[in-house]
Amino acid sequence: MAMDQVNALCEQLVKAVTVMMDPNSTQRYRLEALKFCEEFKEKCPICVPCGLRLAEKTQVAIVRHFGLQILEHVVKFRWNGMSRLEKVYLKNSVMELIANGTLNILEEENHIKDALSRIVVEMIKREWPQHWPDMLIELDTLSKQGETQTELVMFILLRLAEDVVTFQTLPPQRRRDIQQTLTQNMERIFSFLLNTLQENVNKYQQVKTDTSQESKAQANCRVGVAALNTLAGYIDWVSMSHITAENCKLLEILCLLLNEQELQLGAAECLLIAVSRKGKLEDRKPLMVLFGDVAMHYILSAAQTADGGGLVEKHYVFLKRLCQVLCALGNQLCALLGADSDVETPSNFGKYLESFLAFTTHPSQFLRSSTQMTWGALFRHEILSRDPLLLAIIPKYLRASMTNLVKMGFPSKTDSPSCEYSRFDFDSDEDFNAFFNSSRAQQGEVMRLACRLDPKTSFQMAGEWLKYQLSTFLDAGSVNSCSAVGTGEGSLCSVFSPSFVQWEAMTLFLESVITQMFRTLNREEIPVNDGIELLQMVLNFDTKDPLILSCVLTNVSALFPFVTYRPEFLPQVFSKLFSSVTFETVEESKAPRTRAVRNVRRHACSSIIKMCRDYPQLVLPNFDMLYNHVKQLLSNELLLTQMEKCALMEALVLISNQFKNYERQKVFLEELMAPVASIWLSQDMHRVLSDVDAFIAYVGTDQKSCDPGLEDPCGLNRARMSFCVYSILGVVKRTCWPTDLEEAKAGGFVVGYTSSGNPIFRNPCTEQILKLLDNLLALIRTHNTLYAPEMLAKMAEPFTKALDMLDAEKSAILGLPQPLLELNDSPVFKTVLERMQRFFSTLYENCFHILGKAGPSMQQDFYTVEDLATQLLSSAFVNLNNIPDYRLRPMLRVFVKPLVLFCPPEHYEALVSPILGPLFTYLHMRLSQKWQVINQRSLLCGEDEAADENPESQEMLEEQLVRMLTREVMDLITVCCVSKKGADHSSAPPADGDDEEMMATEVTPSAMAELTDLGKCLMKHEDVCTALLITAFNSLAWKDTLSCQRTTSQLCWPLLKQVLSGTLLADAVTWLFTSVLKGLQMHGQHDGCMASLVHLAFQIYEALRPRYLEIRAVMEQIPEIQKDSLDQFDCKLLNPSLQKVADKRRKDQFKRLIAGCIGKPLGEQFRKEVHIKNLPSLFKKTKPMLETEVLDNDGGGLATIFEP
């Protein structure tokens, strides 16, 4: 090989690399240089000498790195074709580079070290231990040469562990060989790592204060850091005996290093991994040494030092790790301490709790939040929750919670010490807000556990806080959502106001405490007098601030259980709530109501409903008083919104359920619904509901847009229509018969019994609702017709978009963050269009809610309505072609699903089949077309036609809606057709330390899923059966992973099993099997989907191959299929006497057969495949003891190509 050839090539390569890395190079030159370099790596026969020449330390760093890349490429892609001598030469050359071809540890670039270690690891993966038995000895020898070499050895050992154990980037047999050899040599490796760490730490500590030896100290420190990083890669999976060897020497060293500033972070990482270990409890017991005096001292002093000098990022990151260490330590204690365990509560448990509490009270929201799960584990623990030390710290924990519940610390603000830390942890106020909300929900859970352990102290603290807030002057702060609205109390609060954040936190605290107290204490232990005193104070508190009033209402609801002991306070409670139902910030204001005011009024209505639902017996004696009050409010048409009116009616209906007398309740409902019936059944209304043109004129969508501030001429019409629909829904939803059968009989609710002996009930609202049903169906028919293009053309600007989605709905579907500061002073609807959109959206959904509730509410009285199927088909299912996805989806969910699920079996043929047959056929056709459009769109979107970058783009919204509709349809089919007989245990995780190959096909669908009676009924009808099968199997190739996963695992096989006994057309069998393979092509990159689809394909092939040869023809078309392997598989399948292989083995074989059609992730589709050959196996499963013999026998007779 001529050296000048190498020199010439190297010169060209240096130029090419320089061009590629030069920012001033043109795109054309850069591409040419890249092409030259890639072709060189692929084709040049003298890659190794060129790579070695370029990697010499005399070259510049980018050239050296490219030289090392060439060598790595040779090992990865050419190794199998190299001779023994070539391999030995390359190995020796690389080892020489490490020994003498690298710069000083402090000068050498990290990417050079990384590239060198990668080459060695790639060789190890191909040759160790069989052909390179002395690899560890060679690394040991290298490490003795100096700090640079020692650090490189650390890199090699770490990367080897990552590739073999963590990422598992090599074939199973090689992985097993290497991992088992590593395990056998672990004592040696571990002692090497520990000695390296100790030696370098000792040297570093000796010279770190000597300025003349600064570089020496830094070199030792760098090796120490590398040793800690490498240990972190092993601690996670090696046997616990190595971690706890020599009286927990490793843990001791790590604790000592916590106070060594340059090494403390790496030490904390190692400690965290060690303390977080799972596995046998017996093996983990030695970890309790960390509760000892010495370890505790080092951990706590390190925390104090790190937190002492203010906020420094490096120290703060370390503090986070230490916090995690304490969390993991607490979780280990909870796991190890049990009734049948000999582990005792540590003597330093009190000190641990105090130090842990220090993290809970730290200004950093992240640190506070990190401690919550461990507090939860401690408070739940059977033994620790009774420990006096833990009980003593609960008041302190609750005091900390009181502070932590207050929403402060936004990164953009400076009103709290938390803000500074938040600027490190969160990119924006929105990020902080999302984190804080989820963290506060978790804290609420833990707080409730603490309250359960000490309910009286908790209640006392909550009471004090409530009294304090009631007596404190309101501070709206400087950041206001409200422009000066004169209320006599200064400006109103915003969600950021100092008063509001305190009220909000106190309200959450009080709610949690009282709920737990009533659950925990006996009736006679409840502090009734104190509770009533607090309730009176809240009832007497008066405020005109809507946000504060909302908190006050929550406190009234929270304290309401005390009224069960003193019912005489009930009228006062209702008086407070009713005054809030009509709340206004400015009396007799003609201005539009603001969001804050609307929220208060809704809150008051909800509270009334909640009390009537949860305490109907308590409220019943006051029924007449309530009824009169509601009638008075309803008499003024403009005083309440339609939703508020109906909420109050719902509350009355809930109490009327306590009459437990059919006739009395029926008379009451008749009276309550009389105003609704008179509007709804009038001739004018009938004309409006039945005629689309009349409807458009009535609701005002043909009017030119008027000023939002002026009177809306059709507003009252829409209000009346909404009132009727809301009222019908409220009555249908809330009216029910007594749950107790004897009470139901006595009250006249039972009208007979079914053939199986179940009682048939009648609902007091049936008569009222059924007479309103015709007009309701007319409204639904008219509403559906509105979407026809010719009807939309009749609407005036801006109401042409009246049927569109609201912007808030679009944002929710696209997952866009909501604005942080809801503009509480802004009107509920910003524009007349927005008001109209909300009207149509609510009206549409409520109509279908009524139909959905009618079945479960009225039962046989609804299902026996004459020609019900025809009536529904001619109203709810009219003009579906023009109904958008966002309207069709709620219709399926709130109407079709309950209609079908609650239908008695005797009405399946007359009602369900005539509706679902055409519906499923239509839905399949619609979804297929939509997915076809989406697929074509993604194919057309090439480089020239870039996709719209706008996250709110219409295409993204449409695609997401199609996805959501698909899920709704598949869910409807599954609910109708499939019942799950048993829980699916297949997804249980493998046991710790299980070294068996876990095939992804282990995630199998539940074999217990069977067809329901309705499913069987539907499958009897050929048109419905075809629609169901085609929809289910076609959906496997639609671009929605979640839908595919559910359909594959729950629906496909039960449906197919139903038709297997009959005769299937060969074309149908081919299509079904091909559909599953297409699904694999689309979703094979997702492990869960791939496992379910492989299992389904396997089931179909096994069931149908013996009867249909055509299915074999499909298999033969799979790319790269091994025909001989397929023949063997078929032979075993078709010959029952041979078929004794375990199901898992057969499935694995089948998966290998169809591997050619399993889709890959985009990142792997164009990656060049690396082939690592298996070496003769060292380890035979039958005789595990031979492993050591093989190693000790100088390679056991195997050819060793790498001689030392």
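Cβ atoms here come from the backbone N, Cα and C positions, even for glycine.
Taking Lys35, Lys396, Lys801 one by one, Swiss-Prot attaches N6-acetyllysine to Lys396.
Record check of Ser416, Ser826 in Swiss-Prot: the feature phosphoserine is attached to Ser826.
Here the candidates are the recorded positions Lys396, Ala441, Arg448, Gln1045, and by Cα distance the one nearest Arg718 (site 'Pre-miRNA binding') turns out to be Ala441. Look at the recorded positions Lys396, Arg448, Arg718 and count other Cβ atoms within 10 Å of each Cβ; Lys396 has the fewest. Among the recorded positions listed (Lys396, Ala441, Arg448), Ala441 has its Cα nearest to the Cα of Gln1045 (site 'Pre-miRNA binding').
Residue counts for the region 'Necessary for interaction with Ran' (2-108) under DSSP, split into helix (H, G, I), strand (E, B) and coil, are 82 helix, 0 strand, 25 coil. If you measure from the Cα atom of Lys396 (N6-acetyllysine) to that of Arg448 (site 'Pre-miRNA binding'), you get 15 Å.
Here the Cα atom of Ala441 (site 'Pre-miRNA binding') is found 11 Å from that of Arg448 (site 'Pre-miRNA binding').
With the fewest other C-beta atoms within 10 Å around its C-beta, Ala441 stands out among the recorded sites Ala441, Gln1045.
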